[in-house]
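Residues annotated as domain 'GMPS ATP-PPase' in TrEMBL: 207-408. The ATP binding site feature in TrEMBL is assigned to Ser235, Gly236, Gly237, Val238, Asp239, Ser240, Thr241.
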Amino acid sequence: MDPQDVKTNLVLILDFGSQYTHLITRRIRALNVFSLCINGTSSLKSIVDLKPHVIILSGGPHSVHAMDAPCFPSGFMEYVESNKVHVLGICYGLQLIVQKTGGEVSVGEKQEYGRMEIEVDKASGLFGNRKVGDRQSVWMSHGDEAVKLPEGFEVVARSKQGSVAAVENRGKRLYGLQYHPEVTHSPEGMETLRYFLFDICGVTAGWKMEDVLEEELKIIKETVGPDDHVICALSGGVDSTVAATLVHKAIGDRLHCAFVDNGLLRFKERERVMETFEKDLHLPVTCIDATEQFLSKLKGVTEPEKKRKIIGNEFICIFDAFAHDLGKKLGRKPLYLVQGTLYPDVIESCPPPGSGRTHSHTIKSHHNVGGLPKDMKLKLIEPLKLLFKDEVRELGRIIGVPVSFLRRHPFPGPGLAVRVPGDVTEGNRLEILRKADEIFIQAIKDAGIYDSIWQAFAVFMPVLTVGVQGDQRTHSYAIALRAVTSHDGMTADWYYFDYKFLADLSTRICNEVQGVNRVLLDITSKPPATIEWE
């Protein structure tokens, strides 16, 4: 599909704070349709400039009656009507449509949360491929409900309790679902989205990774001048490696990669990664040992966000110095820095609608978006910033990154600093963690389950626990094990290990890692927890 055709088929998500908003984007992309997510309170100009074919209003935790309830910008309804843009409101999005077009929303007599059954009232519009009386299980999450519909709207489905479950005004191309079709708890939700996009909106499928590759190569070549040089911060992870390979494909030897050993790497990570870069990827990489620089700045620091900011700032200082030295050598200073920022990083770094904040979320300020100092001298190139993790892996496969490398589990930008709550420099915490983590990961590989897990790692617990080892009472540290399954890292569930595997693993760690006498398993999903501990 031509890049222009992709843009004319854009499905734009306006995010009003739902924990499921990113799933809408993922589900639509899974249909080979390009979708983007922006803040629901974005200006009308920012929406108009994107020229969306379809707009989806997400759910959210707010009530439309609240004083600070987020809303689409003034003139939005007039814009979509005059430009014949189809709009689908989901949950809170439905209530916004109803309220802003003359209907009435009030607190429901019976609130609906969790799995509910709905029944089709009219086999038209959203349910044009269904029959009246058809039922399906869906996921509800709302306290308010539409009690009076605006003129021209009709109810096309109701919940088992009789509440409005779906509405539409086909003449004005406005549609609404009171439930969440994007979650797996709505088994037929994907089909509803598919029918809405293709049969109602006339969207054309055709977006694919080959299009992304072609477009990104073009953008990089247009951005970087013919004599400009670029440096890339290689972490040894999938994201930065794919980003570097992509940029190298576009500009060749004008890319200069740097791998920084910040003292927060995994067991023998430096040696393993450098060998991969040189033997498999053939990328020109300079290894910089900055262990002392990082750990000295982190000494005594316990607040998670402060640790991330320090690490982010140190990285930028190092890259500035690397660029300066490279500039002397080349006679021309590099102007750009490549980073492997992914779309979840961008989404999670947007201010939540209705929060009153204008700065980034603190969810991922340690990554590539929120932790950069204002005086950074290098301009950013982020070729993956509109992609999810699985899409990055697919892109990497297309451009020739070894599959074994692409299957590596994600590793956070701050490294082990976010896996040691508190002061990472105290005692031998990092060494204990490295050894425990290596045993854990190797055990997973030996069991043949590494590729079934999205991410696995050990966490150092900065508390002393009582134990008995060698007939002696001990006061040693505990290690927590974290392993999750996920499709894109935005939501995750904990991995269900075999009990014998866990028992053997616990014995090995306690026996082989000095200073550990207890092993714990983290069985928390995301949400409510994040995948990393800090």
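Including glycine, each Cβ sits where the backbone N, Cα and C put it.
Excluding Ser235, Gly236, Gly237, Val238, Asp239, Ser240, Thr241 themselves, the residues of that chain whose CB lies within 8 A of the CB mean position for the ATP site are, in sequence, Leu234, Val242, Ala243, Gly340, Arg408, Phe411. Cβ neighbour count for Gly237 (ATP binding site): 18 (other Cβ atoms within 10 Å of its Cβ, all protein chains included). With a cut-off of 8 Å between CB atoms and residues at least 6 apart in sequence, the same chain places Gly340, Lys389, Val392, Arg393, Gly396, Val401, Phe405, Leu406, Arg408, Pro410 near Val238 (ATP binding site), listed in sequence order. All protein chains considered, the CB of Ser240 (ATP binding site) has 22 other CB atoms within 10 Å. Most other Cβ atoms within 10 A: among the binding-site residues Ser235, Thr241, that distinction falls to Thr241.
Sequence-distant neighbours of Gly236 (ATP binding site) (same chain, six or more apart, CB under 8 Å from its CB) are Phe259, Leu265, Glu269, Arg272, Val273, Thr276, Phe411, listed in sequence order.
Residue environment of Asp239 (ATP binding site) contains 24 other Cβ atoms, counted within 10 Å of its Cβ in all protein chains.
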